[in-house]
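J.: I grabbed these lines from TrEMBL:
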{"type": "TRANSMEM", "residues": "6-23", "note": "transmembrane segment"}
{"type": "TRANSMEM", "residues": "35-51", "note": "transmembrane segment"}
{"type": "TRANSMEM", "residues": "57-75", "note": "transmembrane segment"}
{"type": "TRANSMEM", "residues": "82-102", "note": "transmembrane segment"}
{"type": "TRANSMEM", "residues": "108-128", "note": "transmembrane segment"}
{"type": "TRANSMEM", "residues": "318-335", "note": "transmembrane segment"}
{"type": "TRANSMEM", "residues": "356-374", "note": "transmembrane segment"}
{"type": "TRANSMEM", "residues": "424-444", "note": "transmembrane segment"}
{"type": "TRANSMEM", "residues": "456-484", "note": "transmembrane segment"}
Amino acid sequence: MLFNSYEFMLLFLPIFLAAYFLIRTKIKDHKKKESLLNILMIIGSLIFYGLFDIKNTAILCMSIFLNINVINCIRLKKNAKVWMIAGVAINIAMLLFFKYSVVYAGMFFPVAISFYTFNQISYIVDYYRGEIKEYDLMDYLIYILFFPKILQGPLMGYQAFTDGLKKAYEESVDWEKLMRGLLLLSMGLFKKVILADTFAKAVEYGFSAIPNLGRMEAILTAVFYSFMLYFDFSGYCDIAASICMMMGFELSLNFNSPYKAVDIDDFWDRWHITLTKFFTKYVYIPLGGSRKGQFRTYLNIFFVFLLSGIWHGGGSTFVVWGIMHGVLSIITRMIKTGKKTSENCKESGIATICKRICGTLFTFVYVTAAWVFFRAESISDALLLFKRMFVGGIRPFYSTFSDGFNLDELWYVIKVTPLMKFGFAWDICLWLFLIAGGVMIFFGKNAVEYSKKCKINLGTTVLTAVLLVWSIISFSGVSTFLYMNF
């Protein structure tokens, strides 16, 4: 089941929340209430995930069964380290098997296996290290299955997740949080359904017709994909956080205006934040982190980004994407390490602002260039797209490229341009989307923070209703969230 579907928005979520609030408000006995809520979480999450495909559910259950047995072996204390290593190896082997089976054998790829596998690894390692207070089967199942985060994260640690959920169980229902959650939900749906999916139409055409693209079409194909990824992942994170906010529970922040980053390190502190923390805790630090000299530090950084590329996909394009991020991260660290500014040498305010603007623009352009490899079918396709940016010539857009912005809601834009040709009118809509997307990305507030701090009044209520209705009536072309494919 997808967040951006009628089944979820009009059936599953209302029924789940109604049952959740009914139990929280009507059951007074704390133990009974916690047990019922735990059962609701597990059953609801299994229904949510199970509606994708029976094969997906079977593989998820197999993963859980294997990991429960590994955890029980670790609990016996005998050869605990061996079992921990074996558990990590089993999870990685399963993940690699399915990733590379898709690439080389054309097998199906289980939904969300990358995310729930990393959660399994996190639990096994943390339990072995003693970072988990006690083993509880119900809590473990909820941690793995919890439907707002199973598809694309965030990759929260078990203890923080469980403690937060238990705290929400104990507190009285906060109806203001419900309203704030609905506001955040509406913004997340709008990002996904109206913005990301609209940009996706032009992106799909662009990457399928690279040899025929003009110069501007090639450039916009890359930019639109960068925007599409932003609004797709941001929209998912907002929806996941909104569901938890309505429940009185706070998910870890996973997305924080990453295209405002001033360098690549700042970008990874803002994009998929919990994935960065996961690799730092379970890969970078065990490899030695920055404790074993500069060369070893650079090697560790490079390996982490290479691993991140492989995690995202089994093709060579993902490896190139990881290498690009790794190389720039190393160069950035070298610059920061070698930079020695005198305390008496202070930059002026204008110089600082210019430096930040240039840093943000460079980071966005570089990240967008790396996204081209992320999306392209092959390295040669990616290189051809870059070539078309310089030799494609300047000409009007193909109608197929701009037709994706042919939304019923923009009828008025066409109406006020009666002297324009129909195709050119949709070009205007294309540029309007580009400008609106750019303003939201580079100047807009983080949606989660906005929903927490804004005043709940008639204006926000109307905004919530408009965005929700607009998004829901646009569900006809339902599409998956991109990170589900990783």
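Cβ coordinates are placed from backbone N, Cα and C, and glycine is handled just like the others.
Keep in mind that TrEMBL annotations are predicted by a computer and have not been checked by a curator.
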J.: Sequence-remote contacts (6 or more beyond its ends) of the transmembrane segment (108-128), Cβ cut-off under 8 Å?
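T.: The answer is 49, 52-53, 55-56, 59-60, 63-64, 67, 70-71, 74-75, 80-81, 84, 87-88, 91-92, 94-95, 98-99, 101-102, 135, 140, 143-144, 149-153, 155, 157-159, 278, 282, 311, 484-486.
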J.: What same-chain residues lie close to the transmembrane segment (356-374): Cβ under 8 Å, and 6 or more beyond its ends?
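T.: Cβ under 8 Å, 6 or more out: 222-223, 225-226, 229, 259-264, 266-267, 312, 317-318, 320-321, 324-325, 328, 382, 385-386, 442.
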J.: List, by number or range, the same-chain residues at least 6 past the transmembrane segment (57-75) whose CB is under 8 A from its CB atoms?
T.: 46, 49-50, 83-84, 86-87, 90-91, 94, 98, 110, 113, 116-117, 120, 123-124, 127-128, 135, 137, 140-141, 144-145
